[in-house]
């Protein structure tokens, strides 16, 4: 298993949660990046408010750490309604979901993170709730059991997932607003780092914010985490101000290189290059070679490496690109 304290892992760490809440934007106008998504949401939200209706159900998908939870909260704020949050693995029984649904008020947002991990029995309850705002409940057991329907107030379900392909087709089809989040560019990440530094009361210059941003793997959660670690270095080794020099030395000390890679990324790429002659190599063989689970490679390590053009997926397996060889100052065989 990948180490839980990996500094640049995009998944939420315990220490991230409280700090990230303070840094989260509350409204769309405060939200940086994802321009197409923001533009779409502004239209959908304004239209729903003009009609005095609940916003259509929304599926937000993309790699971890890009702001799916933040967007769900912004939607609730923009609509002026409450939000109740849960996650797929927590909803083990139909009654767990029923308890949440029956406590919603008109227009409220129900946010389900990791919605691809809903159990089939819970998913079945969700279908009529999403389509008809009705809840089917079984009363009694055996031959005497009967179904009753409860009317629900109009509500908005916001589902978030890193694996949209793992959703069943019937569930996916019930979301009227699908939104894909992409990795952030360095300019937008620099803006996020600067804003977070202001919230934290830190002194940071443009070059310092840029240095942190370019090593943050296109992910705001990682950018904020690196900012906190660079702050520690700046306070202990310097005068507390974060410059390009300070950020560069701090991140080198933390073993986060100029591309935002750490030892796990380098281990993966070097395994393809050295052990499998650049590939192609199947996912199971690659997982065995680096001692990780295939899901970890698919969900955590690969997305950014593929997006940046360091490895490729092919029908025959993973291959290291010329850019991967260049990163290690190696010559790619012809």
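Note: Cβ is positioned from N, Cα and C throughout, glycine not excepted.
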- Determine which of 221, 225, 228, 229 appears in Swiss-Prot for the same ATP site as 24, 65, 68, 69, 70, 131, 132, 133, 174, 184. 221
- Using the residues the record lists for ATP (24, 65, 68, 69, 70, 131, 132, 133, 174, 184, 221), what whole-number Å value is the largest Cα to Cα distance? 37
- Query: Nearest to residue 294 (DNA binding site) by Cα, among 69, 70, 174 (binding-site residues)?
  - Reply: 69
- Task: Would you count the other CB atoms within 10 A of the CB of residue 313 (DNA binding site), including those on all shown protein chains?
- Result: 13
- Using a 10 Å radius on the Cβ of residue 174 (ATP binding site), the other Cβ atoms enclosed count 18
- Task: Fill in the CA-CA distance, residue 174 (ATP binding site) to residue 318 (DNA binding site), as an integer in Å.
- Result: 34
- Most isolated by CB count within 10 A, of the binding-site residues 24, 68, 294, 318, is 294
- Query: Looking at the binding-site residues 69, 70, which one has the fewest other Cβ atoms within 10 Å of its own Cβ?
  - Reply: 70
